[in-house]
Every structure is written in structure tokens, then in C-alpha cells.
Amino acid sequence: MPVDPNSLFGMGNPLLDICATVDKDLLDKYALKPNDQILAEDKHKALFEELVKKFKVEYHAGGATQNSIKIAQWMIQEPHKVGTYFGCIGKDKFGEILKKKAEEAHIDAHYYEQDEEPTGTCAACITGDNRWSLVANLAAANCYKKDKHLDLEENWKWVEKANVYYIAGFFLTVSLESILKVAKHASDNNKLFCLNLSAAFICQVFKDNLMQVLPYVDVLFGNETEAAAFAKEQDFETKDLKEIAKKAQSLPKVNKKRKRIVVLTQGKEETVMALSDKIETFPVLPIDPKDIVDTNGAGDAFVGGFLSQLVQEKPPNQCVKAAHYAANVIIRQSGCTFPENPDFN
């Protein structure tokens, strides 16, 4: 079915990714773990400067939610601006780059612009064996204000236009009240609200915020590491991914008209989905390890592919198929970048 502009709504932390291939010494110097995502602390400030000075860096428009909305738009192609995106940036050069990149990706970005903090950045430190470590300096992204942006009539109308909503768990550290307002709107109007666990620390440190939003979640995404952290925090007493999916599905839910779908990925292993009363598994597309350039954007791409079909009201198995396709394309590229046209049907 044809899909209308602004049917998909995303809200999150807009970050400019600073990507560089680095040596293990750099990871050790800043005590970074491979395949980990953390928030920058004071000790990481110098990391951003060192990356730009010592390594060949590439800049990509990033932030998990923004990446996923972009991928969904890329999968859909026409019409443009199916995806709307909200987040906070600074009035600076990096902010201008983000605006330009959003426009190039044909997403309808409505940023809250403020001048107290600079635009957020994310250091993506990639080491030789397709492992990466992400350090996010939220800066402006952390300044998103419900009353200054989301509540304004000219912005809220974009929320009302959408049928599918997606927010990465990372935004739980920024504006819980904004997430709850959107989640309640979705639930009250029987629209689809999707959330990503995003990182182990979200399930642990921000557990209370996460559990306030979970009753509104129709589709929950996560990977095996996040799922394990979530299960432990929730006392699920199991490490079995299928069991975790089933238990996450049965947690309390406000909108009883829809049963929650839980989608858990595990890298090159099969994806697990809890759907109505059954657990299904879907093998990922095969890929030769030597064709893998950068697995960093795989999770965001997976969600983007999934959303591209969800917003077109396709069945869940078709959503997973598109998710696997998008992730398979993205890991062949550096950063969360993609070829001109998708080859998916």
C-alpha cells in the first residue's frame, strides 16, 4: 500500500558521528571495550580531539534513532519525508551538517535548536577486526525540552500525523516526559509504539525510566547483550533468548488491542521474535566475513528495515526480512551509509 509522508515518527539524540579506524592502544588508553556503547565522561574529552588530530576521520550524521528513520526512508524511497525526526542540536557548524544530511536523506527533521550546548558527537572507534567502540558526548542532544519543542502546536501536529513511532532507549536518559507523551498518544489512538533497549546500561542504570515506558511498547527491539542485561535486571532467571523474548512480551501492557512483539537479534545468529502466542526464529542473510566493512550500523539498519515495512502495514515476517536485508547492506559500508537504491522486494 502507498505510504503517506510523516507516517513514521522518531525522536532521539541527533549526533554527528566522528568515525576513525584506530589501534588497540587508543582503546586501552581510554579504557574502551570493543563492541561497547557508553556515554562520555570527563576522561573522554581528550579522545575526541585526539581522534581528529591523529587519525583520518569521516563525519556521518548519526544518532541511533535518526539512523533508523533514515534507513526506513531509504528502503521506502518514495514519497520523500515518510519519516519525521525530532531531537536537539546546537546552533553551530556540526548542527548545520546534521540539517544538511537529514535533508539529503529525505527525512523531515524538526530540530530543537539552542545555543547553550554544542551539537552532540559520537566517537566511533573502529579496530581492524570489525569491532568498534562508541563514545557519545550528548551535549545539545541532552537538552531536548518537552515544553520548548514537543508541546508546541506546530510540532505536535507532526506527532499526530504519524501511525508508527520509534524511539531508541538512549533517549530515556534525556527526556522521559517527552517519550511518555508520545507513547501515550500512540496507545490512546491504537497506533504502534516501538522502543529499542539500545544498550546494557539503559536496562541497568535507567531501568526505572525504561519500565515506565514499557507498558506502552508494542514492538520491543534488542540484541543478545541487551536482552541478557534486561533479563537479569527483571529477575527473569533465564539466559535463553527465546524465554527472555516470551517473558518480555508478557510484561504489563496498556493497549490490550495489540499483543506486544519482541524482536531480539544476535549478530550472525538467527533473530528471535515473540509474536502472539509463538516464538519464531529467522536466519540472517549469509555474508562472507571478508565483505564485512563495519558492523557498527547493523542494529540501527535492522530497525530501519523493520520500520519500513511496519509503516506499510506488512506482516511481521516481512518486517524481519526487510530488517535482515538492510543490516546486510549496511555492514558492507563504512558508517551507517548506504548505496543509492535498495534491491529489496
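Each Cβ is built from the backbone N, Cα and C atoms, and glycine gets one as well.
A quick note: this is a predicted structure, and the numbers were derived from the prediction, not measured.
As written in TrEMBL, here are the features:
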- Asp300: active site, proton acceptor (ACT_SITE)
- 27-339: domain 'Carbohydrate kinase PfkB' (DOMAIN)
PLDDT averaged over every residue in the domain 'Carbohydrate kinase PfkB' (27-339):
94
Would you count the other CB atoms within 10 A of the CB of Asp300 (active site, proton acceptor), including those on all shown protein chains?
26
